[in-house]
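Among the features that Swiss-Prot reports, region 'Disordered' is placed at 1-22. If you look up Swiss-Prot, you'll see 8-20 marked as compositional bias 'Acidic residues'. Annotation comment: Swiss-Prot describes 17-24 as motif 'psi-PxLVp motif'. According to Swiss-Prot, the motif 'CXCC motif' annotation covers 107-110, on the basis of sequence analysis. Summarising the annotation, Swiss-Prot assigns Zn(2+) binding site to Cys107, Cys109, Cys110. Residues or ranges marked as domain 'CobW C-terminal' in Swiss-Prot: 274-377.
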Amino acid sequence: MLPAVGSVDEEEDPAEEDCPELVPIETTQSEEEEKSGLGAKIPVTIITGYLGAGKTTLLNYILTEQHSKRVAVILNESGEGSALEKSLAVSQGGELYEEWLELRNGCLCCSVKDNGLRAIENLMQKKGKFDDILLETTGLADPGAVASMFWVDAELGSDIYLDGIITIVDSKYGLKHLTEEKPDGLINEATRQVALADIILINKTDLVPEEDVKKLRTTLRSINGLGQILETQRSRVDLSNVLDLHAFDSLSGISLQKKLQHVPGTQPHLDQSIVTITFDVPGNAKEEHLNMFIQNLLWEKNVRNKDNHCMEVIRLKGLVSIKDKSQQVIVQGVHELCDLEETPVSWKDDTERTNRLVLIGRNLDKDILKQLFIATVTETEKQWTTHFKEDQVCT
């Protein structure tokens, strides 16, 4: 693992990492039967951010404050970990396993040293004792890979859904992390975390001048033009801003429609050239052709920009009009996975059907992507490459 960047004051405040008061869980069948909504799906929110940004501080706040929320928190930090982690990681026969503990405010907590999937599977046995799940990633983790496991794990599919991705950024060291150069042209972890976020928390704003916060906010917006940016101190935030986001399901259709109308395209402020682009194309798309468009971008990664660089899409979101469907369809793409889902919103007879997409990624060319989408909407599967010069198709 790479060491944390910066001096000692970048680390979490030890006082913030004190282990909260714990009581053993004693779950009985009658207690669980008393809980309502046992058949409902449980939302999972991914908490990510660079080392020392304030993830553990946020989770400790949620675990100790009185907020009437029953939240299950999975701490998933590698290495030495915090005081809270050390108290929860239990060793038996030389192997670490997770132990769920219940806190005085009704929250549940455990610590794991893997991707957290097994912990969530075990957590489902306690269904009825919590309403939300927060999953912390390691500081160097790609949240896209973590998010994708909730789309592909069939056993969990009927019990949980991905609610959103929260990225915490250190206001003092954020720019340094975002501009860190990686070998072989790779996107650094901090930038990818910001690009994938639905909510971006600029933390520790009380430690830097206001001008530095503004500069960081501008840089974050240049990377991710879709996510909401909030400023915090000591990771304290209204839970309504991090829970029940519905960022990945059809319930977000109405709010997404309004949001997409105001998403600006961005210009790169960093060497990585991560930008947000958006475009509108009127008409209907055939679902199989739309899937082909997404496959070329997310899986094959075989389209080049005008500078002959392969485009890399990190996050894709939009509302599209599918031929022969009366409902608007939300399209989501993260980490080579994509999903189409009908929303409750119907197309009005007197309104022109249109497709509006927002893509976040590197080396993106709006004109080429829009041209590719138009070809996908109006022409057959084998004709799309004829709209590009041979050197514009990655091989």
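Yeah, the Cβs are placed from backbone N, Cα and C, and that goes for glycine too.
Broken down by DSSP into helix, strand and coil, the domain 'CobW C-terminal' (274-377) contains 26 helix, 50 strand, 28 coil. For the domain 'CobW C-terminal' (274-377), the mean pLDDT of the prediction comes to 89.
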